[in-house]
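What Swiss-Prot lists as ATP binding site is S32, G33, G34, Q35, D36, S37.
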Amino acid sequence: MYNFINLIDRIDHILVERKLLLSKQKILIAVSGGQDSIFLLNLLLQLRFHWEWEIGIVNCDHMWNQFSQTASLYVSQLACQMNLNYYQCISPSFYRKEEKARSWRYKLFQRIAYLHDYTIIITAHTASDRVETLFYNLFKGSGLHGLHSLTWKRQIYKKRIHLVRPLLSTTRGELSQIFKQIQIPLYLDSTNLNVKIYRNRIRYQLLPYLRLFFNRNLDRSIAQFAEILHSESLFLETLTQILRNKIEIINKNQKILDIQFIRVIPFAIQRRIIKQFLEHQSIYSFDFCHIEKIRIISNIIIYKSDIYLPGGNRLTISKKYILLCSKISF
């Protein structure tokens, strides 16, 4: 049986060990009214006097159904009872796609944090969310970066605002057991039960099957795998950056890559260097097919060749260099 106090102590230790938060910070908590975010709110309230935080709550109502409005009302009442600053966001349009709704939420989180001087935005993503995201991105064909996209802490606005997820080592099952003990009211958004939504299908159909027939501790195992991927990917990104800085040359105000060096390094680093080189000069992202085509041509090129990429980008490859010509000004 999981204990609320023990879990608070564990997460308090994680905050210190991973340097997620500092004392006397102004933090904005995203609260939906569901299990995970209500637990997060209560957790941070238990710790706030020790850490001397100033806490605010933000809630987003997507206007999907009456339950979202009821949940928003409940969260606003909690904020009032706890004497916390409260920010209500109401969707101006109906977002049918999850990605667009998420993008809208995070833009508002960032805007509110910026306008009201919050340095930290905290969301209630758990180890179970990390598992769902890994499968979701895996089925979309993501690389290593996509498989560990839910990270503990990341910068979202220059060096001023960071997004923090302190529950990434805690599963949804652990939280369910705790809520049976403390009996705090929750509001379940019926939209989360709609299996027509891709992520819900993973949560309610795929993962229960895998837990039943393959590993009942699947959430913990996959979350640990995502954590390993994150650490190793950070190492590879740092290594790639160091190598790219050595082989990237500025010629007539244009950045070029030394193709002779690229040919002698492992394929995995070739792909990463090419991807970094392109995405540091363009607002577009490039998928595996684009990167692999460039990598293959770079290794066999005899004559000068042009490759046309999304957004009006043209890449020139010769026997000596790779050059990106872009129509987009920054």
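Yeah, the Cβs are placed from backbone N, Cα and C, and that goes for glycine too.
Overlay of Swiss-Prot annotations on the structure.
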| residue | record | CB count, 10 Å |
| --- | --- | --- |
| S32 | ATP binding site | 23 |
| G33 | ATP binding site | 24 |
| G34 | ATP binding site | 16 |
| Q35 | ATP binding site | 19 |
| D36 | ATP binding site | 22 |
| S37 | ATP binding site | 23 |
- Query: Which chain neighbours of the ATP site, leaving out S32, G33, G34, Q35, D36, S37, have a Cβ atom within 8 Å of the mean position of the site's Cβ atoms?
  - Reply: V31, I38, F39, A71, A124, L186, Y187
